[in-house]
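Taking it in order: structure first as C-alpha cells, then the write-up.
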C-alpha cells in the first residue's frame, strides 16, 4: 500500500495500473491456488507486453501521445467507477473521503485508491454535479426534439426553463439531508473553479435548449440571472419541509416571474440596461478567464 501511495503522488496513471493489478489478482477470493498463479503469470505477461509497447511507442511522438491518451482514459474510467460506487455510501459517511474509500472497496479496489482524489469529498460532489448536468442535457435534448416534431407539445421559453430547473433541482433530493455539506465542500478554494464551471455549463445548457441562440449582450444577462435563480432556489430547497417541495417550486416560479419583470423594466431604461449588460459581461468574462474556457457555443 505504501508503494501505491508513493506512485499515486508522482504518477497517477502508473498507480492506476498497480491498482488494476491488485483488483484482478484478488477480486475473486474463491479462485484456486493454481488459478491465482495462472492469473499472476498472465498479468506478468500483460505487464511485459505493455512495457514493451510503451517502450516502442516512446520512440515516436505520436505513439507516446497515444499511450498517454489511453492511460488517461483508463485512469478516468477507474475514477468514475469508484466515484459512482461511492455515491451509495454518502448517506452513511456524507460527502467525505470515507465514502470514497467504502466505494472503492465495494468494487474491489483497495482503500488507498482514495489518494487519487486529492480534494476528498469535494471530488465526489463535483462528480455528482457533473453527472446530473449530463442527465439534464440528455433530457433537454429529448424535450427539444419532441417539441420540434410536434408543435402541440411546445411550451413557452419561461415554462421550458422552469421545467428544466425543477428537473435539475429534483436530482439532489436523494441526497438532500447531506446537501448542505456538499455545498460547503464546494467553497474550498481548489474546488471553486470546477464548481463554477459546472454551474455555468448548467445554465448555458438550459438557455441553449430553450432556444437562446443570441450572440448579443443579452446572452450574458440571461445566464447570470439563471445562475443566481438556481443557487437561491437550491438554498431555499434545503429548508423546505412541504410535501414534494411544493413551496420550493412556487418560490422558483416567483423568482423567474420577478426576473422577467425586472428584465423588462431594465430594457426600458437604456442606462440601466447598459449597466446590467456590462456587469454580466464582466462576471462571465472573469469566470471564463479563470477556467480557461470559451462558454459561447
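Glycine residues also receive a Cβ, built from the backbone N, Cα and C atoms like all the rest.
Automated prediction, rather than curation, is the source of TrEMBL annotations.
TrEMBL lists region 'Disordered' at one of the ranges 32-74, 75-117, namely 32-74. With a cut-off of 8 Å between Cβ atoms, the residues of this chain six or more beyond the domain 'Ubiquinone biosynthesis protein COQ9 HTH' (75-105) that come close are 12-13, 16, 19-20, 111, 113-114, 116-117, 120-125, 127-128, 131, 175, 177-178, 181-182, 185.
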